[in-house]
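S.K.: Below you will find the structure I want to go over with you.
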Amino acid sequence: MAASELYTKYARVWIPDPEEVWKSAELLKDYKPGDKVLQLRLEEGKDLEYCLDPKTKELPPLRNPDILVGENDLTALSYLHEPAVLHNLKVRFIDSKLIYTYCGIVLVAINPYEQLPIYGEDIINAYSGQNMGDMDPHIFAVAEEAYKQMARDERNQSIIVSGESGAGKTVSAKYAMRYFATVSGSASEANVEEKVLASNPIMESIGNAKTTRNDNSSRFGKYIEIGFDKRYRIIGANMRTYLLEKSRVVFQAEEERNYHIFYQLCASAALPEFKTLRLGNANYFHYTKQGGSPVIDGVDDAKEMVNTRQACTLLGISDSYQMGIFRILAGILHLGNVEFVSRDSDSCTVPPKHEPLIIFCDLMGVEYEEMAHWLCHRKLATATETYIKPISKLHAINARDALAKHIYANLFNWIVDHVNKALHATVKQHSFIGVLDIYGFETFEINSFEQFCINYANEKLQQQFNMHVFKLEQEEYMKEQIPWTLIDFYDNQPCINLIEAKMGVLDLLDEECKMPKGSDDSWAQKLYNTHLNKCTLFEKPRLSNKAFIIKHFADKVEYQCEGFLEKNKDTVYEEQIKVLKSSKFKLLPELFQDEEKVLSPTSATPSGRVPLSRTAVKPAKARPGQASKEHKKTVGHQFRNSLHLLMETLNATTPHYVRCIKPNDFKFPFTFDEKRAVQQLRACGVLETIRISAAGFPSRWTYQEFFSRYRVLMKQRDVLGDRKQTCKNVLEKLIQDKDKYQFGKTKIFFRAGQVAYLEKIRADKLRAACIRIQKTIRGWLMRKKYMRMRKAAITIQRHVRGYQARCYAKFLRRTRAAITIQKFQRMYVVRKRYQRMRATTIALQALLRGYMVRNKYQMMLREHKTVIIQKHVRGWLARLHYRRILKAIVYLQCCYRRMMAKRELKKLKIEARSVERYKKLHIGLENKIMQLQRKIDEQNKEYKSLLEKMSNLEITYSTETEKLRNDVERLRMSEEEAKNATNRVISLQEEIAKLRKELHQTQSEKKTIEEWADKYKHDTEQLVSELKEQNTLLKTEKEELNRRIHDQAREITESMERKLVEETKQLELDLNDERLRYQNLLNEFSRLEERYDDLKDEMNLMVSIPKPGHKRTDSTHSSNESEYTFSSEITEAEDLPVRMEQEPSEKKAPLDMSLFLKLQKRVTELEQEKQSLQDELDRKEEQALRAKAKEEERPPMRGAELEYESLKRQELESENKKLKNELNELQKALTETRAPEVTAPGAPAYRVLLDQLTSVSEELEVRKEEVLILRSQLVSQKEAIQPKEDKNTMTDATLLLEDVQKMKDKGEIAQAYIGLKETNRLLESQLQSQKKSHENELESLRGEIQSLKEENNRQQQLLAQNLQLPPEARIEASLQHEITRLTNENLDLMEQLEKQDKTVRKLKKQLKVFAKKIGELEVGQMENISPGQIIDEPIRPVNIPRKEKDFQGMLEYKREDEQKLVKNLILELKPRGVAVNLIPGLPAYILFMCVRHADYLNDDQKVRSLLTSTINGIKKVLKKRGDDFETVSFWLSNTCRFLHCLKQYSGEEGFMKHNTPRQNEHCLTNFDLAEYRQVLSDLAIQIYQQLVRVLENILQPMIVSGMLEHETIQGVSGVKPTGLRKRTSSIADEGTYTLDSIIRQLNSFHSVMCQHGMDPELIKQVVKQMFYIIGAVTLNNLLLRKDMCSWSKGMQIRYNVSQLEEWLRDKNLMNSGAKETLEPLIQAAQLLQVKKKTDEDAEAICSMCNALTTAQIVKVLNLYTPVNEFEERVLVSFIRTIQVRLRDRKDSPQLLMDAKHIFPVTFPFNPSSLALETIQIPASLGLGFISRV
């Protein structure tokens, strides 16, 4: 398509304007080739005729579509030209407050003159690892690209920052270096990155100054090389400086300042250490007061001085050297105040005892007379002799200034040297990134030597830039394999040759400097003679012979020749330098010694690195009479050499460009001056980049992007499976000129303007579709409107007609009511008459019908009998006739058949002999047989049917007969009823007459009663009304009082509740903050611990011979690793004491006297408790000894008695089992059914219970009889057996045994009887105790009731008093009362709690002591029993049943196997196998069972050693495999389980609530491991934080791609024509992540944690953290990506969030708090979708986005970009409205969320129901050396 075809009506163009540079206008009619004038209308509505140039006939540039305005990359614009670039930058800067914009490979940075919150560490983290085109333009994106390319390509990089003074070059360079320092970190503990950043304050103080354009202008160029090792961590840096502006030391223009360091010194003059410098106000010194502006607004020079000194200290410049530097700087200031007095025109002198010179000499350590002499004289050396010549006052002042400049320049170089030494890398440098902060192109009214050198450097840099841009374009075309032609671009080599070639400007200047009488005028004439009219780039001004003009790439610049020679030679007198060298002040000679040793800039340093460029100065001679070679090198020559070295360095690196633009000259924030901006854009090469891009194919689209964008222009048949071919086919139809586009391998390349043409076609297509949709919708709306109007009319009609119908219905109802009344009246009269007639008629009818029915019955009976007779007679006659006819017919048949048979017989005889005959005969017989059979069947059927008919007839006959009989009976009964009815009527008539009389009497009585009742009712109603009025008054008063009381109570309650809620929230926030602070400290401690371990390992590796001695650390060291600030363990009944950590002896904390007194008091109490416990123990020991003595005095039991006891025990056990079985049967029968009839007689439970009672009663009777017999036998036996205690013979034993055998059954009876008696006594005692307890409870309840009554009375009194007070005093009094009451209750509860705690602790200690003593006593008793006693006692063998071994839930191991246990169970355990095949938390259970056994053995060393080894082992595993999610999750779960086991079995009541009795038996008995619980809790926190880091590392690459970039809902988001030239990532493309990838990863994490048995509450916290990371990273990227802020992307985000919420619901994790962490992201997505126009919309946005900060809301609104033309941009006025409404909101100014934030973790107590004794140890763990106990 031709370009002229785009100039149609309503097309917008740019026209030149003297004020705004370019103005937008709209075509009023189509342009036709040949037209000389364009009809335009400006934006303000003014019509204009624009005349085309008759020679070129060039049309004005077209304006880009609005959808492309505000693009991140200028090369993405369809029309690439100056007005489009300027407008795009202006829109981004003014409307969107975006200061960075890409222009291909260049980052354009506009100085906002305002501090922006876009440089924090959160922004650095957001850009780290991202591709350059993915995020919004930023200096950090350029730095990240350089860092990635260095790592990927292993090639050095350079970032070239250029621009005018005040454009922000230094700040941009500083931020780039800060990015490298933050992202890479340092390779050693020397904190090199901090030193690199610390060099900035030093260099700014000595090299920056205030100018009219910039308050902090760099007056020198610098190139900083930041060195990296092989792991790309900062190891050092090196700085080169260029062309320091020395003249500023002695002269400043109006409104400018000298270097900052001088003003910082003057501001700090009052400091004690600066007293010797004898400084004062800056206005006192000549060198600091010339500009007349000693103070910068908003800058505190004294504070800056502190920062400078701190930076010097950090870089290793000692205090003595710092004071030396300050002495030299102060000396320069005093030197500037030295004055001269003229003696004549050719000589001058210093005033005697001139104070400034005295101070200068004192500070410099030189002789006053020598310095005063050589300031006014100079030495001239000839071939034969030397002359000393006085100089004039003007020359003396110039010499003084030259000396000051020279001293400052050497000091500047010395400081740079020391900074480089401090930043020098100690290890080998692998690669570097250079940051070049150099002056941009400058042009002033008066341009001198400095501007010439600056512009010369910019010419070299522009040449390198052009070559690089052209090279990238060429590489892109070759990569995509498209044909390309050579692009013509501006080559500034002729200008460079003019300056630096032979006989160039610099060459002629150096030659003139060598001439004895060279001058600026003669040099100018040489320039004219050499280059004028010979070089097109060189011109001579018309009105000047002391100036020349050079056409630079940016603009023409006129240079004044005056001062060129002097500045190039940079003369300083040698004698003055000698005086300074002889100084006693050590630092001063050192400055000039370094000057002598300086290397030539063209040579290399011994290390092979590029040398530092020195400030171009003229050093003093080394020896008298010999000229130094350094003096012969002019400033121009040195600058040219250093510039060549710089270009060599840049050419050896990959450059990245940052062009800084100054938006206005007045430093107004966010103010854009188009004229100044265009000048700088032309000067910095941005427009040249645009021109090169526009000359080729500036717009580049991938095939998929093109298909997604322009799918609307395709028909269904055009869409093929191959996207590339589809795009080719469509483009061939849309654009006829094939030169306008090219197809590459992966992209389509378009010429300038073609994308706008495609956008126009697309917009037309969409507009037509919109019109059709609008047409349809408007028709639908009109139909809806018509239907609503029709419906409304029908409704009105309905209501009117309804009203009419209701009126008519009312009339009809009244008419009908009247008719009804008439009807009923008439009906009553007629019914009475009718009833009389009916009764008479019925009586007559009854008689008549009875007579007629009887006659009819007689007749029917006669007819029936007649019919029966006729039937029988007719049947007999018919049968007789039938038999006769049948007989005759049979006879005829027989005759005929006989005749036929005879004939047949003849035939048969003839055919008898043939076989066929027989066959036919058989066939015929068979058929006949079948026919006969069929006939028989039919006759049978007929017979059956006849039988059925006959039976039916009989049945009908019987039913009819029965009916007739019933009718007769009924008639008889009706006749009798009629007779009875007549009698009843007569009696009823008599009764009616009586009732009428009674009715008259009753009516009269009723009237009297009614009269009395009316009167009584009237009186009653009057009384009731009076009572009601009184009652209502009382009720209203009561309600008013109640309402007041309730209101007061509610107000008090609400205020208290509000205060309580606020205090609770504040306490929760404080708790979370404290918990977070503690866990951060713990994290930092673990990091330092890891670093310590690494350093220790490195030290061990470096030390070849180990030390002979090894000091063993205390094994309890691990329990004191972290300072106890707060416990993260949350339990219901845990009250951990605060443990004070033992501080090292080097740092002892000051003694807290209150704490010391409390501890002293506590020690006294403990000593008293100890003494009481000791007394109690002694008393128990005495009792035990007495009991032991009594046992020894008792006679030993005989064998028979032992056997008797054993037999009795066995019998009792059998009886007990039987009773248990019976009891179980009874319980089973009772629990089978729960219905109410269970206890009814006859029910199963009732029967079982009855049987049991019967058997028990029978058994009781039998036992009673046996007991009587037993008593008699026992008495007789007692008399027969005499006690012989001194003899124990065998015969006695045998007799006694026989007696016992006989009495075995009776003994059982006695034993049962005794058991029953004991049971009865026990029950009786229980009843008595219950009765007492109930009585006590009753008394206590009565006491409580009494106290409540008193409290109630007191409250009522208080209420009455309050009601008398005014409202304010009433509320205050009630609050005071409530506070007093609560305080008293709290004090009482605290006292009770303290008492209980003391009691618990006391009992625990007593229990431990007693248990230990009892164990010792038992052992002692076993030892005291002699073996003889055991052997002498004859014991008969007893049958003892074998029991299964009962395990105690402990594991035994040997001390030497501890390391093996830790190795097999922790270090070498594979989590995957354990998680899948074994029970969760198995290692934790095994470790705790081992701890239990050590506790059981009371071996504190073993417990301590095992716990310490366990903790260290877990740390080693996590250090080794800390990046594996399964490992970290597994050990987090096991650490928590181990911690819970230590709590569950600690013996503390708060942890034993959910234990079984068996588990309570397994509690630890000897040791309190609360201290180790804290250590394990800290370890769990560290593991949790490591788990979060692992999660973050896994999820981080997926989040942006899955949540933002991937289109989950296909086709919703249209692709914008971005055309971004994205850089490739340093990591290979692993495929795009989708939302499904994230959900799959979440499922994987969740399943792993569940398999490992992690606590559900802990899983919720992990999920909450994961969702916070997803939300924070997504929102941060959204806030940094303009291309993502659109309506369709908001829909995509909301859909993705809904999928994540669905995942939470599936996993039952909605109450984990994870959804709330996504609230900022949800609100940002809603903000993209809501309407953004009116004030109501602003109010809705402010109320909706409460989770977003003001900065985030404004940022989203600024970034909002329409994807289609039908969407509208957010107006600036609307954003201002939002900012005004949110002005009072107090939120963080931070833009991004902290994606690295980790929520504080808690470990709620989660007891295990698993019994320890049931745990089996699998053989796969290799723990065969431990055994279950």
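Placement of Cβ uses the backbone N, Cα and C atoms for every residue, glycine included.
As annotated by TrEMBL, ATP binding site applies to G163, E164, S165, G166, A167, G168, K169, T170. If you look up TrEMBL, you'll see 599-634, 1105-1148, 1170-1201 marked as region 'Disordered'. Marked as region 'Actin-binding' by TrEMBL: 643-665. Feature annotation from TrEMBL assigns compositional bias 'Polar residues' to 1116-1130. According to TrEMBL, the feature compositional bias 'Basic and acidic residues' maps to 1136-1148, 1170-1196.
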S.K.: Under the DSSP assignment, what numbers of helix, strand and coil residues are found in the region 'Actin-binding' (643-665)?
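M.R.: Taking the region 'Actin-binding' (643-665) as a whole: 9 helix, 8 strand, 6 coil.
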S.K.: Pick out which of the binding-site residues S165, T170 has the most other Cβ atoms within 10 Å of its own Cβ.
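M.R.: In terms of Cβ crowding, the pick is T170.
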S.K.: Restricting to the same chain and to sequence separations of six or more, state which residues have a Cβ under 8 Å from that of E164 (ATP binding site).
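M.R.: The answer is R213, G440, F441, E442, C660, K662, Q680, A683.
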S.K.: Near A167 (ATP binding site), how many other Cβ atoms are within 10 Å of its Cβ?
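M.R.: Step by step: centre on the Cβ of A167 (ATP binding site), count other Cβ atoms within 10 Å, giving 25.
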S.K.: At 10 angstroms around each C-beta, which of the binding-site residues G163, G166, G168 has the fewest other C-beta atoms nearby?
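M.R.: Selected from the binding-site residues G163, G166, G168 on minimum Cβ neighbours within 10 Å: G166.
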S.K.: So what's the average pLDDT for the region 'Actin-binding' (643-665)?
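M.R.: Here the predicted model's pLDDT, averaged over the region 'Actin-binding' (643-665), is 89.
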S.K.: Tell me, how many other CB atoms lie within 10 A of the CB of K169 (ATP binding site), whichever protein chain they belong to?
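M.R.: There are 27 of them.
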S.K.: Within 8 Å of the centroid of the Cβ atoms of G163, E164, S165, G166, A167, G168, K169, T170, which other residues of that chain place their own Cβ, given that this set defines the recorded ATP site?
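M.R.: For the ATP site, the extra neighbours are N111, N214, S217, G440, C660, K662.
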